[in-house]
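K.L.:
Mind looking over this structure? Questions follow.
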């Protein structure tokens, strides 16, 4: 309890009695007024200054601070009313010095004034409680702002600590007011007993008027070089506050920790830096920043506990791997930002579409691995399909499908509805077979049946009586089994064979295994003989 209030009450009583008035005269009155003003200034002005200074930088709490400031001004107005009552008391003291019989009435008037003071104390307590509640609300709002508004965090880092300081000061005032109320309640009905107390303080009344107590003690003691200036009243050294000067002051505030000593913060786990404003993430955030202890805020297109994993949006397709922000690494056969495009090498031709690695989807009229082949339906007989349903005819072939062959134009003769080219060049059977095959749609002649064989024999008898020609038949695969080159069996009757043939005779090296034709019919001869040959042009098996 602050004994300055007791001193003030004693002074009031002393100065109301003539014998003490003579001792104190006008100086007592002036000291009384001055002392009362100092007490009000000590109790109320720090609260006003703290409220005005601590919340002024925060635009977001301006309205709340305005309310607190209005409450503080109301308190000052009420204080002025008390001061006016005190001045009235001084005026009445002059009247009491002229008429001691009016002291009782004046004391009763004092009692009324003290009841007013008690009511004021109750009102002040209610106001302080509202201030405390508002302060708690503002403290929560300030913490939210400190955590979520970077600009406020940078410009007002000391807010949290100052709000805590304000809360403690308010709490101290709240604790102090009940003591005042209690003292007033005790003193109000016992004003006449104060005279006995004043005898004790008579010799030191001038000291009391100055508001000092040289023999004051503080229990518990003042800490951190604080000075005991009154009973249980500490005057704190720079950088400390509190009833015992037990709380340090950090001007910039400790956002996530506590002020251990003036200007020095002890940070809570997970926080660091001068004001405990910087969170700690272990391990570090790779592609982002530490937003709160062990919690990373990732940069765009990064994820993971440490922001170590890139993200791709849209995602990589076809087993592609996201190796960087929106960067896909595609597997073989795929390409594109999302690996959405297949790769065909070589490329698809003729408007074909690559639908998978080296897989072409051909447009209408084309086929092949690269869609390089045109489709003709029906097929080209004596030519190639150069474009969808367009035949490019070989030499001596005509028609939409190259179905007509100009046998005479090719130097051949039409025998039995076959175009045969009789060559006068003498070669082995193998060479003859190769030469005929190299001609467009050509092969070593294969006769359709015995009737055609008769026509060929008759033609040779009429035009090339003594010449012998290779045909496209042999028994090379199986001795005695004669087959045409297309796999059909050769008619073994007579005709078409000459009399006594085939006989595999005459000591031919390796035997007589290849088919010839001459005047009279078929004959077997050694494949190594050099004979003329007959090519068949327009081979229908090659359509």
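Each Cβ is built from the backbone N, Cα and C atoms, and glycine gets one as well.
Annotations per TrEMBL:
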type: SIGNAL; residues: 1-23; note: signal peptide
type: DOMAIN; residues: 214-246; note: domain 'EGF-like'
type: DISULFID; residues: 218-228; note: disulfide bond
type: DISULFID; residues: 236-245; note: disulfide bond
type: DOMAIN; residues: 308-340; note: domain 'EGF-like'
type: DISULFID; residues: 312-322; note: disulfide bond
type: DISULFID; residues: 330-339; note: disulfide bond
type: DOMAIN; residues: 341-372; note: domain 'EGF-like'
type: DISULFID; residues: 344-354; note: disulfide bond
type: DISULFID; residues: 362-371; note: disulfide bond
type: DOMAIN; residues: 415-536; note: domain 'C-type lectin'
K.L.:
Determine how many residues of the domain 'C-type lectin' (415-536) DSSP places in helix, in strand and in coil.
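P.N.:
For that range the per-state counts are 24 helix, 40 strand, 58 coil.
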K.L.:
Please report, as numbers and ranges, the same-chain residues at least 6 past the borders of the domain 'EGF-like' (341-372) whose CB is under 8 Å from any CB of it.
P.N.:
332-335, 387-389
K.L.:
Taking the Cβ of residue 322 (disulfide bond) as the centre, count every other Cβ atom within 10 Å, in any protein chain shown.
P.N.:
18
K.L.:
When DSSP is mapped onto helix/strand/coil, what comes out for residue 228 (disulfide bond)?
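P.N.:
Note: residue 228 (disulfide bond) is in a strand by DSSP.
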K.L.:
Within the same chain, where does the domain 'EGF-like' (308-340) have neighbours whose Cβ lies under 8 angstroms from its own Cβ atoms, ignoring anything closer than 6 residues to its ends? I mean 6 or more beyond.
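P.N.:
Long-range Cβ neighbours of the domain 'EGF-like' (308-340): 286-287, 300-302, 356-358.
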K.L.:
To the nearest whole angstrom, what is the C-alpha distance linking residue 354 (disulfide bond) and residue 362 (disulfide bond)?
P.N.:
9
K.L.:
Can you grab the distance from residue 371 (disulfide bond) over to residue 330 (disulfide bond)? Cα atoms, rounded to a whole Å.
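P.N.:
Distance (Cα to Cα, whole Å): 25 Å.
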K.L.:
Let me check the 10 A CB neighbour count of residue 339 (disulfide bond). How many other CB atoms are there?
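P.N.:
Taking every protein chain into account, the count is 21.
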K.L.:
In angstrom units, rounded to an integer, how far apart are the Cα atoms of residue 362 (disulfide bond) and residue 344 (disulfide bond)?
P.N.:
13
K.L.:
Sequence gap of 6 or more, Cβ distance under 8 Å: name the residues on the same chain that satisfy this around residue 330 (disulfide bond), in order along the sequence.
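P.N.:
Looking at Cβ-Cβ distances below 8 Å from residue 330 (disulfide bond), excluding near sequence neighbours, one finds 316, 318, 320, 336, 339.
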